[in-house]
Amino acid sequence: MTEFRKTDFQKTRARFRIPDGVIYLDGNSLGPLPIAVEERVARTLADEWGGQLIRGWNSAGWMVQPRKLGDRIARLIGAPAGSVVVGDTLSIKVYQALAAALAMRPERRVILSDSGNFPTDLYMAEGLIETLGQGHVLKVVAPEEVEAAIGEDVAVLMLTQVDYRTGRLHDMVALTAKAHAAGVVTVWDLAHSAGALPVDLAGAGADFAVGCTYKYLNGGPGAPAFIYVAPSHAETARPALSGWMGHEAPFAFDPSYRPGAGVERMRVGTPPVIALAALDAALAVWDEVDMADVRRTSIALCDLFIELVEAQCPMLELASPRDGSRRGSQVSFRHPQGYAIMQALIDRGVIGDFRAPDVLRFGFTPLYIGEAEVCGAVTILRQVMDGGLWDRPEYHKKAIVT
Ligand SMILES: Cc1ncc(COP(=O)(O)O)c(C=O)c1O
């Protein structure tokens, strides 16, 4: 791992607050705290909210933050400036993207997705179908069957690019091309892609995309989501949740809705100003990062982790693709006692997470994880497995969040 790099990962690592004694392999779930966020949030509270009060909407630029941050994220996902806006939760953005996509194919009734999709995406589709009451159906197939299931009956193909459990990576370019050839509109969920690997939405010709900012983008717990609308659809897309912030002129207080210009129409209500300030500071690290370096290094770290775990803990079964080019930035292993094993690891400072029924999930983020952490984590994992250290009553007790 000594190839030429434009990115100085020692420098990026110094930008995060990681507690002593912790090997943090859960940035794919909640990114760690960027140090710059502390100062920025303190300033937003004291100077902006405290000092400027309601004037801050104009004087501190609160109102334009959703669009400005959208542009910062756009650079990371291959989207042109002005095509991404930030706000609300990812579930809400899935709903809006799917509703807008369905409205583009009024004569078709099938939403195609896969069993690797995150449950909320499927739940939001179910809810939307019920609300529309037009007889749409949600067709869920196995990930490897998606390509064959794309046909002229399908209105929308809605997929999460990187499987949250296994890390399996869909081929966005090929599936989008196949979808378009059949007249299908695409919605991509980039929750496990943005900041994890290079994404080229414009190059792939994706129609809609959504994602969260609390994982690889390190925006903090509950940080707002983003939505992308291809420029070719942005002036006609129907946002479904037609809130006043997506109105053409919110402060005209017009009694009827007129959609705002382009992606602005996907805004719904008042933006979460403090969370946006945190996200703005968190995104600064990407100004000094080359995504190709992130990808190369992340694959090397994941490969090393797989090699060491398979050599030292043969009782764990690899659940992720072995080929790094077919994986996101995480590695998963299966074990019937996965939950207890993960609790024992966390107790010893190796923080990953567990996904039912049996998946131990580890995320690798070169911004603050290197070879030493990978080797250290596997040493502790081997101790936990060889010594049966996971088999203590407290490690079997399920917490609310796993
Ligand atoms: C792929 C994917 N989609 C959607 C969500 C849910 O997003 P939210 O809770 O922000 O609505 C998650 C959460 O982890 C996710 O991983």
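We count from 1, first residue shown onward.
Every residue gets a Cβ built from N, Cα and C, even glycine.
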**Prompt:** Since TrEMBL lists L90, S91, F118, P119, T120, D121, T160, D189, H192, Y214, W244 for pyridoxal 5'-phosphate, which candidate among T131, T176, T270 does it give for that site as well?
**Reply:** T270
**Message:** Using the alpha carbons only, what distance in Å do you get between H192 (pyridoxal 5'-phosphate binding site) and K215 (N6-(pyridoxal phosphate)lysine) once rounded?
**Reply:** 7
**Prompt:** In Å, rounded, how far does the Cα of W244 (pyridoxal 5'-phosphate binding site) sit from the Cα of K215 (N6-(pyridoxal phosphate)lysine)?
**Reply:** 29
**Request:** Using a Cβ cut-off of under 6 Å to any atom of ligand 1, determine which of the recorded positions T160, K215, W244 qualify.
**Result:** T160
**Request:** To the nearest whole angstrom, state the Cα distance for the pair F118 (pyridoxal 5'-phosphate binding site) and K215 (N6-(pyridoxal phosphate)lysine).
**Result:** 14
